[in-house]
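Before any comments, here is the structure.
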């Protein structure tokens, strides 16, 4: 057919026409209006919250609900829908449960099935968008359309997303499964459980190969009934420059119109101040950065999280542009249309350009997934590279050794299988171009998501700025015979480090100041640099750098009554939210003392802070601040620091950590929790520290009971604290 083929485009929300376009060189003189993920109307009208009506109207045999907090569960839901279509020809309706009612869950036709892709959030809680769904499933008084709390005959599938370092691993998926089974529904295949601490992708791949045959048998479909059809159509078009998205995250940002700033419309926050928190010249970095929010309409509370929207490092953008043969056309304007908006929405604003998509909109910095490599293998430029790609996609151990342990991104994999050196900066001369349609890239690679950080300030203490405390992620990959070890840099934290250097240089007005934002040659790697000026220079205005952010609410809050004792355990950057907690109490204390100078805060409960670091002069975060806070709070603030590499040791010579300090203060901790009904907050490492802290607390609480033990009475008391929201965690693996 050459370079021309028939493509489906949409002229209006309820009408479609077939038009011929030139897929590679065609242009359009008339630019269509910018549309961002318009929800399709229900055919024939009706209740837009009735998913069964939408299934029937669209001839969908699968409905897939996702409980997602950060977008990962939604990505897996879309992947399941795409594979159902390609393998079996099954059409799916992918739904955010927040947008639908569940009274008619018992009315799904017999030849259909429902799939639940459920993430577990926080302390075994449903994600925000799945709260109502879980309430409906768990409430025995909630009746479905037939007047009963029964789902007899319903066919369902469950895949959960969790992390084994957390206590309530995949609890929501397990609850969903148990409740559906209890109501008479029939599960197809095993319940899937993905572990984000190990290999979520491998867990998913292993599970789906058991699930699909069971689903196919139940729905009486055969593999091969689907077709290899794309999800999107990408066309090169001509649009007015001012209508083209060059990295703007919303239409309001492009058009410079005011509006609410949230996850759908992040705020470009100016950097007011920044400093290095670790020892200058050391091997590690920790960035303190203050982001202005004055007149933005953004409000936050202590304990909230701030989402920072990153970009991909320029070297990876260049690598993929060369690998896809798009270097010369990188600034070409493209439009993208979904062939089935109910299945796959265009994940970012359009029209845009090739390089903008790779820089701002899709996550090309993640380790390449095995399933993605399998999809792309058919486009390999040579038989040899195709064989290498297929081996990576099908041989789990080989993939793990080369790609997973080597931390190879997609562009690096494309270079690796064609025999190129991934350590050499990519050029047209040292990078073989693949003929991968760009719509396949858009379909395979998920949207670049914000990176979340615990806010390290209080709005009472810092009402016009959000403070972020971020340790910069840098680690060494595992060497293999084919892939040398090299330094791997986290996307979000290294972007903040770039901004720190750039801000310092700008403030000093010293162009000779060493800037990490410029390419720096290092042995075995290249320090990443980013397009920190932003789209159209929007993130560098009047010599002030900006970064797009939004605030995510949290339940990690101080008790409202300051008389309640508070125990905070946060080694390393786990201390970040507790800086905000202490600032909150300091501000309130100053007001209380000014109002009641005689009594002051004498009846307040004590704030205990257990903190840990490596060295007093190496990584003791905010070392100079804590004494100032203590001057205001007096004996109502008690800080205990474990300095693991310099401080005293245990009798057996082992290091002392925060859990050991907790045990040293066991009498006071017991009194604060048992007698004074105090609260416990833990922030930091989920894999080791938080478990060790729990063990110590169980021991303290258990021994507070006559003849009690940590395993029995201690566990019971700790569970009671959790149920009463007096034990709260903000941990990560």
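Heads up, the Cβ atoms here are built off N, Cα and C, so glycines get one too.
Please treat TrEMBL annotations as automatic predictions, because they have not gone through curation.
For reference, TrEMBL has these:
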BINDING   68-73, 119-122, 161-170, 196  FMN binding site
BINDING   284, 573, 644, 645, 655, 656, 657, 658, 659  NADP(+) binding site
BINDING   451, 452, 453, 454, 469, 470, 471, 475, 490, 491, 492, 493, 732  FAD binding site
DOMAIN    62-212  domain 'Flavodoxin-like'
DOMAIN    264-542  domain 'FAD-binding FR-type'
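For residue 453 (FAD binding site), applying a Cβ distance below 8 Å and a minimum sequence separation of six or more within one chain yields 305, 306, 308, 468, 469, 470, 576. Less than 8 angstroms from the CB of residue 119 (FMN binding site) sit 67, 68, 69, 70, 72, 73, 127, 160, 161, 162, 172, each of them six or more residues away in the same chain. Put simply, of the binding-site residues 71, 122, 284, 655, 657, the one whose Cα is nearest the Cα of residue 451 (FAD binding site) is 71.
Comparing residue 163 (FMN binding site) with residue 732 (FAD binding site), their Cα atoms are 9 Å apart once rounded.
All protein chains considered, the CB of residue 469 (FAD binding site) has 24 other CB atoms within 10 Å. Restricting the binding-site residues 284, 471, 644, 657, 659 to those with a CA within 10 Å of the CA of residue 166 (FMN binding site) leaves an empty set. Taking the C-alpha atom of residue 169 (FMN binding site) as reference, the shortest distance to any of the binding-site residues 490, 657, 659 belongs to 659. The Cβ of residue 169 (FMN binding site) has 17 neighbouring Cβ atoms from other residues within 10 Å, across all protein chains displayed. For the pair residue 490 (FAD binding site) and residue 644 (NADP(+) binding site), the C-alpha distance works out to 25 angstrom. Counting in whole angstrom, residue 71 (FMN binding site) lies 37 from residue 644 (NADP(+) binding site) by their C-alpha atoms. Among the binding-site residues listed (122, 644, 659), 122 has its Cα nearest to the Cα of residue 492 (FAD binding site). In space, 732 is the closest of the binding-site residues 644, 655, 657, 659, 732 to residue 122 (FMN binding site), judged by Cα positions. When the record's NADP(+)-binding residues 284, 573, 644, 645, 655, 656, 657, 658, 659 are compared pairwise by CA position, the greatest distance found is 24 Å. All chains included, 23 other C-beta atoms sit within 10 angstroms of the C-beta of residue 68 (FMN binding site). Neighbour counts of Cβ atoms within 10 Å were taken for the binding-site residues 166, 657; the minimum is at 657. Around residue 451 (FAD binding site), taking its Cβ as the centre, 20 other Cβ atoms fall within 10 Å, counting all chains. Between the C-alpha atoms of residue 732 (FAD binding site) and residue 284 (NADP(+) binding site), the distance comes to 19 Å.
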